[in-house]
Amino acid sequence: MAGGKKKTATKTQKKKNQSQIKVTEEIYALIAICVSLIVMFSLYTDKAGYLSVISRTLLIGLFGIGAFFIPIYIIYLCTKLFLFKREVLFSRIGLGITIALITSVLLIQTVNINDYYVQGSIWGSIKTIWHSQSEWHGGVVGFLIVLPLYKLVGKIGLFVIFVTLYLISSMLIFDYNLVSIRNFFGGFKEKASKVKFVDKKYEKDDYINLKKKDGASEGNKESKKDDISEDNNKIKILDFMKNSSLNDIEDNKKEKDNQLKDNIKINDFKQESKMPRDLSLDNTIIEQRGFNSEKAKEEESIDKEISNNIASKGSSVGASYVAPNADLLNLNNNNELDKDDKKALLANAAKLEETLMSFGVEAKILQVTKGPSVTRFELQPKAGIKVSKIVNLADDIALGLAAKGVRIEAPIPGKSAIGIEVPNKEQTPVFFREIVESKEFLDNKFKVACALGKDITGKAVVTDLSKMPHVLIAGATGSGKSVCINTLIVSILYKYSPDEVKLLMIDPKVVELNVYNGIPHLLIPVVTDPKKAAAALNWAVNEMTRRYKLFADNGVRNIESYNALYNKGEVPEKLPYIVIIVDELADLMMACPHDVEDYICRLAQMARAAGMHLVIATQRPSVDVITGVIKANIPSRISFAVSSQIDSRTILDSAGAEKLLGRGDMLFYPVGESKPQRVQGAFISEEEVEHVVSFIKESQRDAQYEEDILEHINSATIASEGNGDGDRDELLDEAIEIVVESGQASASYLQRRLRIGFNRAARIIEELEECGVISRRDGSKPRQVLLSKDELENMK
């Protein structure tokens, strides 16, 4: 105990001594600052009495013009060393300023050395300096430093030394190196060669050049701002409104004329066209569509040729089917980027770099791509910076850019860059006609092509449903889910005849898909009753089984091989692809969850090779609707805006969908991809759908529905309503007799009487309740038997 008390007392005594030392140091520092202020006052004025005369004579005699800076330095050192407890006396900038001041004092002494130097007498020179009435010299100390060097290297050698010292001080103050000086003065040729290489590399893309701002007069700005403005001249700006084959020739012509003029590149797209034109546009003028101009007439004629081209392609696939033309769809008259938009993008790029720099993240923006709904900034972080550090700054970046929210794609697949997606102030719609007229839609040879929209670069996104092979679509109300389903259906109507693709539509909401009733692609009218929907899925399972039996009998493995036999005349029947579209899965799961889940899982597991594909949509992506079994068997996903990150993880197995903007903004996650792709869904209005459907109905024969399917659905529905759906337990009749005779009903009672497990007994109790034999459960009260013995005898 005594030893512990001694140790405590020793520690306390040490702390007291340290505090006393600190107080003493601070007192000395305050005294030194006070003396320095008095000396500085006496140097700068002549109102300090004898002290002014003494200090001026002593300090100016020793240090010359440098004496005026000595009190300031003493105050600086005392404040930093004793009051703020800084161990490092001089920072990089402070050291540079000190070197510059000392060099200036020595330079003044060198310039005036002949006025104070007495030949052959150093002491006489010192006396001359001491009694000089001028302050423009280096004092005795400066003279003793300069004189040996003057004798050694001469005045020219001293000037070389001073220039070197000034260069060192400027490097410390402004934080640059000799390599940056070389790049600034001699690196223009290297930059021009790099620009030429980038232009050649991207010659196939549709870039046009902006004129570079003349920034030569801004060379004396702060180095940080100079770096940002220099980087802006290297940023490639891509606009989704200029990615069109309609403007391929003029864009390529402009690109060749301006290859080395600018470092900023832009990619827009307008109406895509398959008819090339040789039009010359002025580099600074963007011509818009006008109804009274010759250009408008020419574009209208081209649009008609496009429509005829689409119709001819559609009519070639089916002898009796005439595909609708593009004139039934609305045109997109949105304009390209103007100069103000480009300036705003560059300003946001600079602001993004500054925001990241403020958090210690040094990164360089390589490219800015403006999409329909978001603008993506592609940045490359400096080596050694973790990607997770940038990802964690999402909210801070949104605050710095005054954005609703940002989505960070780290890294961008196929690029050594990180994508920061910032919402546009105004969302630009993508019209369905743009996708229909794109070469991605016209020239593909997909088995079941489905148009989705455009990605962030303006490229049309068209997928092959036969490769997916099933897709799950989820999104909150109003996010664009129903429009996406309409684009999928209408793209099939534009591309394929009824002999090639058949549709089976299930619409529990009744009003979404009823417009398609009467088209020849439908197997049966749109199913709206949930119980009939389960029966329709049951028919699909039976059809899948029948097709596999046909494949086995003919020695083939899939629908392509079987139809190849039909083309050779070896089999009598051609099998069309069947696309099963379910518009609201949640309602079906509430009505008959077990049947729907079982049928969907069987189709998802086996229907691909049979040419049957599922498109399932829901506005409630919760785990009780999209079960684990359904998710495991449907690999491709499309997610629109959802309300929470939990819903996003349910549909995509990752976060991100909660940050979508709605109105068609989607994440497309096809099978085989490592990350989802952001797509702006194509918009098709109800009027456009009605025009397309009316055209098909008028130009084709009346729809001939499959009567066998309708009979199967009706019979299955009746059997289900009559409890003859195959799920009835074989012990149910015996259980009814036991319950009626005993007058009591419980799972444990049936378990003992029938000698079965508890789970099976509980299911039998549920069936008895559905049949009306026993009452519903009422808390802890026993169930009542509602069927009497006489009624049971009459039923027999």
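Using N, Cα and C of the backbone, Cβ positions are placed for all residues, glycine too.
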Swiss-Prot annotation (transmembrane segment) - matching range among 93-113, 345-365, 576-596: 93-113
Contact call for the transmembrane segment (134-154) and the transmembrane segment (23-43): at least 3 Cβ pairs under 8 Å, seq gap 6+: no
Env. residues of ATP site, Cβ within 8 Å of mean position of G478, S479, G480, K481, S482, V483 Cβ: G475, T477, C484, F640, G662, R663, G664, G681
Greatest C-beta neighbour count within 10 angstroms, which of the binding-site residues G478, G480: G480
Secondary structure of V483 (ATP binding site) (DSSP, helix/strand/coil): helix
Beyond the flanks of the transmembrane segment (156-176) by 6 or more, those residues with Cβ under 8 Å of it: 92-93, 95-97, 99-100, 103, 106-107, 110, 146, 149-150, 223
Among S479, S482, the most crowded of the binding-site residues [Cβ within 10 Å]: S479
Lowest local Cβ density among K481, V483, which the record lists as binding-site residues, within 10 Å: V483
Where G478 (ATP binding site) sits in the secondary structure, as DSSP reduces it to three classes: coil
